[in-house]
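Contents: one structure, followed by commentary.
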């Protein structure tokens, strides 16, 4: 018998639970996909394509919906002899400047022997190369910029939609699809970029439990053998997903981790108890990974949120969080950040799912502001903040979670 043998009792097709799996039909996003399809319709009509901006939290179907509709758009466009459609999808994670985006796009249209370096060219030269490549391609070109909020300067977001109007292109018709996880990204765009990029805006809200059940059931039917899932497993995974900001990706990860635990334990079925065990494993890992990637100031902001949560003072506005954060920074021996930079850390924590942000509008008198709440287990967060708690000290609000006489390492081992 070999060291590795195939397991066939639990999974029929484990890959059906992965993020990149493309089902034949997308469920739970009918309203958004209908609006999205209508926004793409001008391509089939032979018209100038719309510029489309999608926004919503991670795991709510923006990228999956885009891939699904683009696949159908390319398939249907091929039926018409007068439509020449090209689609380029680019993930902007790790690309912080318009220059980097432009060079990547140039290389997307060139073969491997004609690639250009990502440094060393004047910006105007790179843009000229890009216009040449786009016009050489011709026809209708859709450029999909996923995680577009990573771009720190918005020059490319103005130049691309306006390229034809500015006489930089004569043959190609360009459309931009921008996908953002950051709700505030649109607000930070310059007015001229907003008017060009945001012709059609579609918000993808969080999934509710009913929609998550549809998604999980669709994937589970492909992923698992009949009879493996006990009653209530799908519903419990969906309930956790709805609680975790309506993130389908996290719900699928939870179902996969549960299946993996069942396989590791050599059980024949998947139970609700295994779901709870898998959730604990995933949440600890997610918190550790998210917090380890933060700066020292990010750690202090998280710690401030935990203490406010334990005092029953959340949801909290920035003005309520700042004094606690400032106090912790001083105790840690570092200068506190200005309010705007502290808000940036709150936004990052919200994107990571460690906290949630709700926008409030009280009209002219109260204005618009955001309230923040803790979304993950405070005990697990403290376990990941060992050095920060050591530097600042154990706040009185969390003494019930951390024994003041014990080290945090002792706490983690209990």
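Every residue, even glycine, has its Cβ placed from backbone N, Cα and C.
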Swiss-Prot ATP site partner of 60, 61, 62, 63, 64, 219, selected from 80, 207:
207
Residues with Cβ closer than 8 Å to the Cβ of residue 207 (ATP binding site), same chain and 6+ apart in sequence?
28, 59, 60, 61, 215, 241, 242, 246, 247, 248, 251
Nonlocal residues around residue 64 (ATP binding site), in sequence order (Cβ under 8 Å, 6 or more apart):
22, 26
Near residue 63 (ATP binding site), which residues of its own chain have a C-beta under 8 A away, given they sit six or more steps off in sequence?
146, 179
Cβ neighbours within the same chain of residue 219 (ATP binding site) - under 8 Å, at least six residues apart:
16, 17, 21, 23, 252, 255
